[in-house]
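One structure is given here, and the rest of the page talks about it.
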Amino acid sequence: MRWLIGGGPSEAAGPSKQLELMINITEDELRLAKSFGEHSSGSWPSAGGLYYWSAKLGGQTYGPMISWFTACLNLIGEIGAISSSAYALSLLIFSCISLGTDGADASQWQIILLSIAIVCSWGFLNSFDDVVLARMMELSVAVQILGPIAITAILLAFAPYNNFAEFIFTKFQNYTGQDSLAYAVMLGLVLPAWNFIGYDPSTHISEETVNAYRDVPKSIICAVLVTSVVGLILILGMAATVQHDNLIEQNPQRAITPLLVYYDIVNHMTYAITLAAIVGLAIYFSGLAAITANSRMMFAFARDDGFGPRFSFFLRSMHPKTRLPLRNVWFSVALCTILTAIGLGLPEGATQGVLTVATLGLMAAYALPTFCKLVLGREFFKRGELTLGLFSTSLGYVAVLWVCTILILLCFPFAFP
């Protein structure tokens, strides 16, 4: 079937290729994550994260300019990622309602309004003190790790039949609308790359982290490793249990959510909605954490007058009691609301473009500090507890090359008429 949940690059390959690409991409993402860890383990654990590293590694001549571009790309990418997460969760909720009531599909304005409400709820939860946020993040970790494992176990238990190993490990499908298998494989790289964006939040909360020099690098690398392992488990589980190949044509709106696949496998409405709820919780907590990280990044950028003197002065204040950057939290919410509201005048498929923009911005921002270290900042770079030693330069070049490859692929069309 159009792998895994239909739409975009998920149609490009098949179960075998997604497994292979997930493993290969993990290696590339780990190189990038290790470069991140090396930066954050040095003398620069800052809420600014990426742009702050670019400023230090770019030197006095190029550092300010590259730093500003890094911050803008990071901001655009995070706002796009938050907005697309809210839209995906809204679409999933309405898909569950439609399945549960056997009703009509939701209209675009209903999906958009619920998306905005979800973004506002993230802002509301980020307005509490750090203790509440810490408990929410602990719950998020449990959902993100145990959720996919639970989904896989339930699918394997309730599937009428399981697919053979030949289907799981050799099946290749090309639904891109063109005949080039090589092009389809290249597009297949994009889906796993989407899954790996967003491991920079650890850097943005480093000023609130105990032993940041040691723990922030560990969290960045662990985020990539856990995402890879859990992703492989879920891909294997769905590849082993998927039943039919014509679901997308029959159910166009639910096709871009996993609900349709779950219902086809378990053939029970309540169980399918329960599985979708686990996915929904994971999306919700991801968006909540993204707002947290984005607000800290904007606070640091305002602290460095990145938004201009007047607006930066407005944004760099903190609440006197909670010591949280509430103005930045709600500025993030406002930007996400505006971007989401634009969807009222766009075709439904345009949200895929928002996710592409998010990936473009974040991946470019991820590469710039490492590029600065390799080209401009070797004399400025200070090693910390985590060091790549002799492999630092070679791994850095491979990481930058990998990001450039993904940036090019994201500019290609995902499907053809």
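Here the Cβ of each residue, glycine as well, is placed from N, Cα and C on the backbone.
Automated prediction, rather than curation, is the source of TrEMBL annotations.
Features as listed in TrEMBL:
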type     : residues : note
TRANSMEM : 75-100   : transmembrane segment
TRANSMEM : 106-125  : transmembrane segment
TRANSMEM : 137-161  : transmembrane segment
TRANSMEM : 181-199  : transmembrane segment
TRANSMEM : 220-242  : transmembrane segment
TRANSMEM : 269-293  : transmembrane segment
TRANSMEM : 328-347  : transmembrane segment
TRANSMEM : 353-376  : transmembrane segment
TRANSMEM : 388-416  : transmembrane segment
Legend entry - Contact call for the transmembrane segment (106-125) against the transmembrane segment (269-293), three or more Cβ pairs under 8 Å: yes
Inset, instruction - Determine which recorded stretch among 75-100, 137-161, 220-242, 353-376 has the most C-beta pairs below 8 angstroms with the transmembrane segment (328-347). - result: 75-100
Legend entry - Folded-back contacts onto the transmembrane segment (75-100), same chain, C-beta under 8 angstroms, at least six residues removed: 106, 110-112, 114-116, 118-119, 122, 197-198, 253-254, 256-260, 263, 269, 272-273, 276-277, 279-280, 283-284, 286-287, 290-291, 293-294, 297-298, 301, 332, 335-336, 339-340, 343, 351, 354-355, 357-365
Legend entry - Same-chain residues at least 6 beyond the ends of the transmembrane segment (353-376) whose Cβ lies under 8 Å from its Cβ atoms: 32, 35-36, 39, 50-51, 53-54, 57-59, 62-63, 66, 69-71, 73-81, 83-84, 87, 190, 193-194, 197-198, 200, 339, 343, 393, 396-397, 399-400, 403-404, 406-407, 410
Legend entry - Chain residues outside the transmembrane segment (269-293) and at least six past its termini with a C-beta under 8 angstroms from it: 78, 81-82, 85-86, 88-89, 92-93, 95-96, 99-100, 118-119, 122-123, 125-126, 133, 136-137, 139-140, 143-144, 147-148, 150-151, 154-155, 158, 198, 200-201, 204-205, 257-259, 262-263, 329, 332-333, 336
